[in-house]
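Now, the feature entries from TrEMBL:
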ACT_SITE  265  active site, proton acceptor
BINDING   146, 209, 210, 234, 235, 236, 237  ATP binding site
BINDING   235  Mg(2+) binding site
BINDING   263, 264, 265, 308, 309, 310, 364, 421, 422, 423, 424  substrate binding site
DOMAIN    139-445  domain 'Phosphofructokinase'
SITE      236  site 'Important for substrate specificity'
């Protein structure tokens, strides 16, 4: 049946301010044959062409596919095999078991009329053909970097996914991080071994920072006959995974390398959020509630809760919004100052006079410049290359207490809570358990389908395969010009701390500076008018 609109049903152009929008004009027929927008060749940013297309095509309507490497890029004669899932009883009722090769996920879903279609990623999920025989797979799993709720769930679901969905029995656990590859620390993993590890915090395989030696690691992968590598870790770990993938390609090995991004701070770019973040926000409520109870019970109670957030203040921001008991939230992205009009000391004094108490939530990376200046410390880094942070919570506690005790002659009851390791060590909650399951299964599907050098994660709530370089080239930070930060300011009624020369300007992102300058220009223009 042809459902195309007749000329009489097509509305006339409608003017709207300075633009004109024509509704329903030149719509294609809506029968199944006309729905071919995904059948246009996919254009990749990689130098290699995507299979079944020429490499000299140009993007159509601004469409760009950020494609991930595939084993056939350097091993073109690899055979394929039917996916074992086609015989799975669990998947027998699924209407579409396998993901189409042309299914893609848009990075940006809020667009304007006539705007380019933008960047897209391969949709994650099982493919109809796989590049490994189940009985020939030897997989390994390694965890690196700091602890985070949900690591054990990812390990469990990688093992169970490989075994139950693809019939893989040979799975190794590399103990102690990257060093475990060349330290001969291995553990045989089976569904029985990992059955209940998701109920525990930490990592079943143990972890470490640093220790990455690409040649030693790939030598060991080659010696042991490993052909699938699953790497769980943060920014530095994923960069290491990319190096391993490149070395594997250089040697011409049939080894799929898959990354599962891990950071409790939620600072990984592109993906919607990182696993363990929901659990961290939920667990942070306990510390905030404890601080609120403490300061409510004493005269002039000041509670400071330091949460994780080396470069990004997402945990502090979301925990503050969820709690509603917080009076002020300080994060790395938003500089603050102590003294003077509109400063933190003035705000604390006002809240103490109004309510008799105040609760401050502080991300660990906030105010590091001030602490370093006071203590005359130089930047140091840990084995992963991360900057070693000074204890801004203790520093701020002493500053507030000294100011009010010595300068204001006020009695202050200071309560400082640092729940960092308590939060890191808890098992993941229900939401993160489900999320970790999807991440693990997506990684398994991708590796079996022959993809390599990729990481997995949700993009606009749809899981996708993302080139590792895309999630490591920048960090996800709180944007002070977004509505979420505005919601926090409305909730706490704290000052913005953007009206003093003491604020370090380079800490404010360029977008924020441009917005502030624009507002200032508009105010000046209004005054002149």
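Cβ atoms are placed via backbone N, Cα and C, with glycine included.
Any TrEMBL annotation is an automated prediction that lacks curation.
Structural mapping of features recorded in TrEMBL.
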residue	record	contacts (Cβ under 8 Å, 6+ apart)
235	ATP binding site	263, 267, 268, 471, 472, 475
265	active site, proton acceptor	274, 277, 308, 309, 310, 311, 312, 314, 315
364	substrate binding site	306, 307, 308, 309, 310, 389, 392, 393, 420
422	substrate binding site	283, 287
424	substrate binding site	146, 147, 148, 149, 201, 264, 280, 308
Sparsest Cβ surroundings (other CB atoms within 10 Å) among the binding-site residues 146, 210, 234, 236, 309: 210
Arithmetic mean of per-residue pLDDT over the domain 'Phosphofructokinase' (139-445): 94
Among the ATP-binding set 146, 209, 210, 234, 235, 236, 237, as the record gives it, the longest Cα-Cα distance in Å: 12
Other CB atoms, at most 10 A from the CB of residue 209 (ATP binding site): 20
Packing count at residue 263 (substrate binding site) (other Cβ atoms within 10 Å of its Cβ): 26
Neighbour count (Cβ, 10 Å) for residue 237 (ATP binding site): 26
